[in-house]
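Per Swiss-Prot, the features are as follows:
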- S100, N116, F117, R118, G266, G267, R268: substrate binding site (BINDING)
- H104, H114, H153, H183: divalent metal cation binding site (BINDING)
- H114: active site, proton donor (ACT_SITE)
- H183: site 'Important for dimerization' (SITE)
- 248-283: region 'Important for dimerization' (REGION)
Amino acid sequence: MQEKISKFEDFLTQLQQNITTALEQHETNAAKFISDKWQKPDTPDQKLKGYGNSMIIEGGEIFEKGVVAFSRVHGSELPPSATAKRQELAGKSFIATGLSLVIHPRNPFVPTSHANFRIFIAGADTDNPIWWFGGGFDLTPYYPFEEDAIHWHQTAKNICDKHDKTYYPKFKKWCDEYFYLKHRNEYRGVGGLFFDDLNDKSFDECFNFVTDCANSYLDAYIPIVAQRKNIEYSQKHKDFQLYRRGRYVEFNLVFDRGTIFGLQSGGRTESILSSMPPMATWKYNWQPELGSEEEKVYQYIKPRDWIK
């Protein structure tokens, strides 16, 4: 099992380089991804041990902030967030290896994107370790274009259908349901794919699906960035982007499993919260004007079948 974990780690670290390099090619000022390698001290008082590399870009003309973060951590006991639905795992040691990214563009017409790909192994030090993959990618537009959402979902469907034709409808629905702000009765964006506890096939089959899915992120996102990054925008557009970013913050801090897992397990706080946008605003009881561009967003981000 250690060999398989290391193989996935090698894939993720190469993917990290591929993604950061591809995004930098669209940046028009001197902003670059900065590498921040870290290691948790292997001491008895540390709940979580391991290492990682958080790559951050800030202050770009295209990407106001972005993070592409790799980590490999292990602990003696899974935190409550990881065992809430799987009580049989309570008390087991674990290894978690993953890559998580969030890209916050400066231009309000370029959507925010998020992706995550990970493997968990519970009881890795036993004769019968339990493994599963999780991940996916989702898109959060501020001023949406239907063709962008169609392209995003078509890319997701193509990669799913290559492995299992039941995956896309199942993982799309899961994504819609997961990225939902219950307290606002709002969806975060136009969705994409979300899956967890993936071990329905052999390890190699699941591995191949997850790596194909991860490699397709750039195919899904880069054409949208290229198409929208030079659209002119006003302060009104920027203000609405900042307001909607507030919803992103609310979701990450209240509902996101990765954030909760990281904080509960004693993870590296600076890396866990690096996905937060550089700026966000909240307005008391604000409502968009009827018929405005801003009002249309709320109709657009409801779940729908994007591929006719």
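Quick reminder: no glycine exception, Cβ is built from N, Cα and C everywhere.
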Distant-in-sequence neighbours of the region 'Important for dimerization' (248-283), which means Cβ under 8 A and at least six residues beyond its ends: 36, 38, 40, 46-48, 52, 54, 56, 58, 64-65, 67, 69, 71, 73, 75, 78-82, 96, 100, 102, 104, 112, 114, 116, 140, 179, 181-184, 188, 196, 239, 242
S100 (substrate binding site): nearby binding-site residues from H114, H153, H183, Cα cut-off 10 Å: H114
Cα-to-Cα gap, N116 (substrate binding site) vs H153 (divalent metal cation binding site), nearest whole Å: 16
C-alpha spacing of H114 (divalent metal cation binding site) relative to G266 (substrate binding site), in angstrom: 23
The region 'Important for dimerization' (248-283) [mean pLDDT, rounded to integer]: 89
Intrachain C-beta neighbours of G267 (substrate binding site), sequence separation six or more, cut-off 8 angstroms: L48, S71, V73, F261
Which listed residue (H114, H183) has most other Cβ within 10 Å, given these are binding-site residues: H114
